[in-house]
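Annotated transmembrane segment per TrEMBL: 7-27, 58-83, 131-151, 163-183, 250-270, 290-309, in sequence order. What TrEMBL lists as domain 'ABC transmembrane type-1' is 15-310. The domain 'ABC transporter' annotation in TrEMBL covers 345-580.
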Amino acid sequence: MLKLAKYFKWWYYPLIILIVALIYIQIEFDLRLIDKVADIIRSIGIADTTGTPQTDEILSIGLSMILITLVSISTTILASFLASRIGANLSKNLRKQLYLKVDGFSLEEINQFSTSSLITRTSNDIQQVQMVMIILLRMAITAPMMAIRGVLKISGLSNELSIITAIGVIFILTVISVIFVFVTPKFKVMQEQNDELNLVTRENLVGLRVVRAHNAQEIEKDKFENINERITRLNLFVNRGMQLLMPNMALAMNGVSLAIVWLAAVLINQGNLGQNGYDGIAIQTQFTTYSMQILISFMMLTMLFIMIPRGQVSAKRIREVLNTKTKIKDPVNPKTINKEEAIHIKFEDVCFKYPNAEECVIENVNFEANMGQTVAFIGSTGSGKSTIINLIPRFYDVTHGSIKINDIDIRDLKQTDLIDLVGYVPQKGMLFQGDIQSNLRLGNEHATDEELLSALEISQSKEFVMALEDNLNAPVSQGGKNFSGGQRQRLCIARTIVKQPKIYIFDDSFSALDYQTDRKLRRELEKTTKNAIKLIVAQRISTILHADQIVVLENGKIVGKGTHKELLKTNHVYQEMAYSQLSEEELAHE
Ligand SMILES: Nc1ncnc2c1ncn2[C@@H]1O[C@H](COP(=O)(O)OP(=O)(O)OP(=O)(O)O)[C@@H](O)[C@H]1O
């Protein structure tokens, strides 16, 4: 927990000092209240022994007690308010830091933690830290102060009664230590199970249609029930353990009260407590209340030892993310590419191994492309097509070899400069909640409406967008779920065209389009991308027939390179794919 202090803002510290002062005032006033009760008993004693009514004295004590209570309540409220403010601000700050950190993660770091765990860490773990922080600010200051002041107050009053209080403290410490030993290790498991629950729920919700289509509700239900059952059992265990605290606490407090009253009565009878009977009762009243305060403060202290590990588990999980070094970094002395220069990209002997994988999934990949050219990648599933193009925007860094743009290694460019050059259209059309124009302007916020309409035209989306009631302002729901797969793909292509990148990357982005739209779209695209390079991953040969260069992949290796005509003559892997997809007539025609 303390290691999170580096995320504290400067103004927490004066507020913490203020909280300490307020708590000190509160404790002093609370103790004074106890003394006032004793004073009232003594006044009654004077009235009884002298026969002089002490009404005025008792009323004035009562009035001062009301004032003391008001001060105590105000300081308690103010201290709680300040502690909550610090706790809430710390959690806001941590959430922001986590968001920014995760935003800069490469796919490697995201996979290392998993999306569901990152969500739990940003929500539930931060909530735990906030809760523990508030408890810390209140209890960690109150408990020792109250215990010390309580012990100082009772010391010297009566040794016999002090022994009873000490027995009560030892009893509470023992009970809490037992709970501590059994319950605390479960907190880490609880957070891990929260991750798992998040994962199962997310997977089920995201894949709802697939689950229904396969009648797999029972399988998903079993998975959910399994984790739900485990979480419930663990929660029951932890809560039952914690619940043991209250009855034992009541036992200790009532037992100590009873023992003090009994022993005080014996001592008063023997004339060994106070100067007279009333003074003895006053001391007994003070003693009982001080003892309760001491017991409560020890309970608070030991409770802290249970709560802190809970916060520590969450704090550690948060720090793990915050301390993760992003593997993909900006260079110390970045180079720049002149945007006016003709673009050129070159893969030199590129090999790539996924993190934790044994072998490279792509090996010795060499190719280059010049401005205006289209390079297509084709191969069976899992042959490494997407992996190759994912290396260009540096979703991952190459394991060996290099990727150069205009003879500059992309690792020598600032990531923002590199991303400015690249327009990436993913396989799965991904839109964001908002409206069409906000989605299209994602990569170029200053694009004019004319530019948006032109991009819609090229991507063959204009017709269906114009048919919508609000055209460019038509709403887009989360993930673009209110559009068909093909419409989403076309809008994603339009978004990339609006960006006007120098390198277009299409990762199987034409797969949901019908042949005719696919053909029209590529023809229009060709006209407007003369200054750019297009890299296209495709499953359909018809999509890449006219590429300047087709790279044929098999098991991560290049097994053929050339134009459609060249490959059709010389490359048997390509021939097999071509003949399985197109008729002899279509092939002859092309
Ligand atoms: N994140 C990952 N971690 C580990 N291995 C991966 C990861 N992503 C892909 N792979 C592996 O890398 C290989 C190449 O995958 P890739 O997605 O590049 O193939 P692809 O040719 O694009 O396939 P498809 O046409 O099916 O999309 C596959 O064997 C796959 O199992």
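Placed from the backbone N, Cα and C atoms, the Cβ positions cover glycine too.
Within the chain, the transmembrane segment (7-27) has long-range Cβ neighbours (under 8 A, six or more residues past its boundaries) at 71-72, 75-76, 78-79, 82-83, 85-86, 89-90, 93-94, 97, 137-138, 141-142, 145-146, 149. Beyond the transmembrane segment (131-151), the same-chain residues lying 6 or more positions past its ends with a Cβ under 8 Å from any Cβ of the stretch are 1, 16, 19-20, 23-24, 26-28, 31, 79-80, 82-84, 86-87, 90-91, 290-291, 293-294, 296-298, 300-301, 303-304, 307-308, 310-311, 314. Across the residues of the domain 'ABC transporter' (345-580), the predicted structure has a mean pLDDT of 90.
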